[in-house]
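Per TrEMBL, the features are as follows:
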BINDING   33, 64, 68, 122  Fe cation 1 binding site
BINDING   68, 83, 87, 117, 122  Fe cation 2 binding site
DOMAIN    26-128  domain 'Hemerythrin-like'
Ligand SMILES: [Fe+2]
Ligand SMILES: [Fe+2]
């Protein structure tokens, strides 16, 4: 499996947890973003079943994108088409994975993608929804 290179100019939190530098100031979206960090972090937890952790993350990602896209559409947000395409490209990589595909490269990709996406792409809708 080949993963795209993420050009992430931001620090990756270690341990991998949401912090206030990721705030978009919409309470439901900030809660969902926290859940996505937890979901990626869970992939690194060897005490958990990887198939369960991965499918939990896959569901959380799709649910979050659905909510975020609905808010952007409701607000008539200008960049919604471009933003939805970025979501769809990530889902196209994440959703076909099964637990046995999860390795350090996949975890690094997911960590970097989420950090880069929130700070570069999600931040553009701050105050606009
Ligand atoms: Fe987004
Ligand atoms: Fe988001």
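Here the Cβ of each residue, glycine as well, is placed from N, Cα and C on the backbone.
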Using Cα positions only, nearest of the binding-site residues to residue 33 (Fe cation 1 binding site) (83, 87, 117): 117
Surrounding CB atoms that lie within 10 Å of the CB of residue 117 (Fe cation 2 binding site), all protein chains: 19
Tertiary neighbours of residue 68 (Fe cation 1 binding site) (same chain, Cβ under 8 Å, six or more apart): 29, 32, 83, 87, 122
Residues among the binding-site residues 33, 64, 68 that border ligand 1 - Cβ under 6 angstroms, in sequence order: 68
Other C-beta atoms that fall within 10 angstroms of the C-beta of residue 64 (Fe cation 1 binding site): 19
Rounded to the nearest Å - Cα separation of residue 64 (Fe cation 1 binding site) and residue 117 (Fe cation 2 binding site): 13
Neighbour tally for residue 87 (Fe cation 2 binding site), based on other Cβ positions within 10 Å of its Cβ: 18
Secondary structure content, the domain 'Hemerythrin-like' (26-128) (per DSSP, counts of residues): 82 helix, 0 strand, 21 coil
